[in-house]
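Quick look at what TrEMBL annotates:
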TRANSMEM  A:12-34  transmembrane segment
TRANSMEM  A:55-74  transmembrane segment
TRANSMEM  A:80-105  transmembrane segment
TRANSMEM  A:117-142  transmembrane segment
TRANSMEM  A:162-182  transmembrane segment
TRANSMEM  A:202-222  transmembrane segment
TRANSMEM  A:234-253  transmembrane segment
TRANSMEM  A:260-279  transmembrane segment
TRANSMEM  A:299-327  transmembrane segment
Amino acid sequence: MTLEIVGMTVLWTFLFGYIIVGAIDFGAGFFNAFSIITKKQHILSNVIQRYLSPVWEVTNVFFVFFFVGIVGFFPQTAYYFGTIFLIPGSIALILLAIRGSYYAFETYGNRGHKGYAFMYGLSGLLIPASLSIVLTIAQGGFVSMENGNPTLDYYALFTSPLSWSIVVLSIIAVLYISAVFLTWYANKTGDEKATGLMRKYALIWALPLIIAASGIIYELRFHNPAFYNQILDLWWMFGLSFLLWIATVLLIWKRKKYGLAVWLLIIQFALAFYGYGISHFPYLLYPELTVYEGFTNQAMAISLIVTFVLGFALLIPSLYLLFRLFLFDKRYVQGKKPKEGDN
Amino acid sequence: MMLFDDPVFASRFLTLLTLSFHIIYATIGVGVPLFIMIAQWIGIKKNDDHYILMARRWARGFVVTVAVGVVTGTIIGLQLSLLWPRFMELAGQIIALPLFMEVFAFFFEAIFLGIYLYTWDRFEDQRKHLLLLIPVAIGALMSAFFITIVNSFMNAPQGFDLINGELVNANPIMAMFNAAMPTKVAHVAVTAYMTVAFLLAAIAAFQLIRGSNHAYHKKALNLTMKVGLIFAIAAAVIGDFSGKYLAEYQPEKLAAAEWHFETEEGAPLVLYGYLDDDNEIKAAIRIPFALSVLAFGDPFAEVIGLEEFLPEESPPLIIHYYFDTMITIGMFMIFLSLLYWIGKTRNWAFIQSTWYRWLIVLGAPLSFLAIQAGWWMAEVGRQPWILRGIMTVEEAATTSDYVGLMSIFFLLLYIILGVGTVVVLRKIFKNNPVENELASTQGGDSK
Ligand code: HDD
Ligand code: HEM
Ligand code: HEM
């Protein structure tokens, strides 16, 4: 493996991590707001709050990791994407800011405040939508070089069916991933009503998900045939992903093994996501920038990788502790007080 | 308007806006964990509920500011690429390492903060819970450490060669340990602790002014003023070292800050004043030899004047005011907290007086102003360079036409976030005064 590929794999993995934990987080915020509006709050809020509170900041770091890492490994992306991403990037940032802070305002300060809950619920859906635009841009066709500076053709971008399908997919994926996860989590808390409701949401979003995903592959055929052909070469990854999707839906349908369903879902998305990434290789931005041209110098690459390994050695035990205390601790999950007599 | 016509100006404006806003929360983020730790530690040691409650209440407010710190930090992190793409393209090759390390520091901090906040009652032994704070405090300090390294690199770039515009022989470690790093990192860390000490002192003093005579507030005031004094002195000492760094490596910044136009030996320190139309200094206080002492620790040393630099490479003279603001506030805070300490040991009555407590309340906004002034002096004083001697701000900025528009949106966002923070913090503490909380813990269980 060359250093370029190591770097790209690390970054792609973190992006994947962000997509999964972010989707759970964003979707949970949305379901929370939705349940307040539809007056089903009593069913969901507890489950969602108990999961979200300790982890939301961790979710955000995944995102920061990705954009700091990509500038480190591929400094030229700062130039290309930085110049063209100003508007969608700024919108995403504003939404992220509203979401993060209003989440905290509601949770720590003003529990049950409808306006706050609504704000962070809605912004959570729009964030993936605005961030996903970067994937569309990276497929090429929307960027031209003017006076040596990359410029984005907003008209083409906003009228392209491809960009809208990607936006739609990102929203549906958020809802689906989050619903499946929360079905499992609610089930663990022993809350049957919440489990039932989340299960219903998971099933509702399952079919739209697969339709949107297939739609994108279909659009790509016209938009970027080279990329499309590379995707076809990796048909088995996408096929396997599809089979896992069926398996997940079946488990949820039959109310069986929700934990396994979550794992299958993660693998399903991983296969599709890495399949997509591999097909995109070696381009970072079609056709201007490849992984090889954009790569940093040897010394920086090696120091980043060493830092990454050391940093990870530090994080794994800490993350393990976090999950053990909050995700897998029976008493916490079920909302029981840790021991009697404390307040 | 320049904001809408000139991407360079707009990018500077937006960077100024975002950083100035983030730095408020970042300072709190660096400082508060240390004080929670101190309070909780004293509480455990003396078996005093007041200090434990202090730690709890500070932590409760802290989560709100952390949230805004995290989102504004995320904004500035991505904005660096959005607004300064050419700079990040070049600098990414050499100074990405500390930025990357910073992310791990955040990660570490975020995980343990999450654990700490939700485990107040999970440990039988309170000391174990206190242990969880150590990674939070270290993580926050490390974040400041790494990001300040990036900033010091911009002031004193090293660790690479530029050949035909290509960056070669990169040595990321050498780039990190640049000449500006030691003083800058130390000054930033110490001033963050100092500012947070006076912030917490101001809250306690305010409660006392409002008529609460509870021992809780007195203990809080006593603790924070004393720790604040230590850090205020440290800030001045390290600030002096920062001046010596400037004299050696960025003499143009020091000269501009001091309106020191002609190279001379035994240079005086110019405080306050203004410039008339002929660039003559008016109404200023001159302290003989003091600039030479600040610059080299020797009253007769020669200090380089602005005349030796090209006009287009000289920093704006306005930084003089920023410098004065910072130093004045620094000295004032040392004086104020020293007075408290002496007054306390000698039982002077006036430290209990309302007017003195109002001064302490004033100390919080002043300390934050000093932080802002310090950064404006450091950053504006680097002009026209973004990477001193290598790349100008003009070359680095984005060419996109929409920065002005985005600046308006971000301005609105910061207003909303700023107001939101205040509203939420007030609500948390107003509905839950110390007296009630103490009554409920003492009545309820036997902790
Ligand atoms: C509470 C805040 C505070 C206080 C009281 C002081 N400073 Fe400061 N100063 C900062 C907060 C700050 C800062 C915000 O942290 C800066 C901005 C950039 C940096 O490295 O630290 C800074 C920068 C800074 C610089 C510029 C460094 C550079 O550009 O590289 C100098 C020369 C000083 N300081 C000197 C002093 C002196 C002599 C002080 C005497 C009392 C002092 N500071 C008090
Ligand atoms: C470490 C914390 C930092 C703080 C608190 C800070 C603070 C500031 C402030 C207050 C300004 C406005 C000055 C002006 O209007 O001229 C500024 C300008 C700027 N900063 Fe920094 N800075 C920091 C680090 C950085 C870093 C790491 C970068 C880039 C990677 C950066 C890039 C810039 C740029 C490009 C400007 C615009 C210069 C200009 O205003 O013309 N800063 N910064
Ligand atoms: C150019 C300058 C800066 C950049 C790019 C930057 C970047 C960031 C980012 C991305 C975050 C969010 C991390 C997360 O998701 O958890 C953050 C938060 C934070 N930053 Fe900044 N930062 C800058 C300046 C500073 C300075 C000067 C300090 C310290 C003096 C600082 C201290 C912190 C701290 C302590 C946090 C954690 C949040 C909190 O506790 O409030 N940052 N910063």
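Including glycine, each Cβ sits where the backbone N, Cα and C put it.
Through the fold, the transmembrane segment (A:162-182) approaches residues 19-20, 22-28, 30-31, 47-48, 51, 124-125, 128-129, 131-133, 135-136, 139, 194, 198-199, 201-202, 204-206, 208-209, 212-213, 215-216, 219-220, 223, 248, 252, 258, 261-262, 265, 269 of its own chain, all at least 6 residues removed from its boundaries and within a Cβ separation under 8 Å. In this chain, the transmembrane segment (A:117-142) touches the transmembrane segment (A:12-34); three or more CB pairs sit within less than 8 A of each other, excluding pairs fewer than 6 residues apart. Cβ atoms under 8 Å from those of the transmembrane segment (A:234-253) belong to residues 180, 183, 199, 202-203, 206, 209-210, 217, 260-261, 264-265, 267-269, 271-272, 274-275, 278-279 of the same chain, restricted to positions at least 6 beyond its ends. Long-range contacts of the transmembrane segment (A:202-222) within its own chain (CB-CB distance under 8 A, at least 6 residues past either end) are made by residues 139, 161-162, 165-166, 168-169, 172-173, 175-176, 179-180, 183, 228, 231, 238, 242, 245, 248-249, 252-253, 272. Under 8 Å from some Cβ of the transmembrane segment (A:117-142) lie the Cβ atoms of residues 22-23, 25-27, 29-34, 36-37, 81, 84-85, 88-89, 91-92, 95-96, 98-100, 102-103, 106, 152-153, 156-157, 160, 162-163, 166-167, 169-171, 173-175, 220, 223-224, 227, 280, 283-288, all in the same chain and six or more residues away from its ends.
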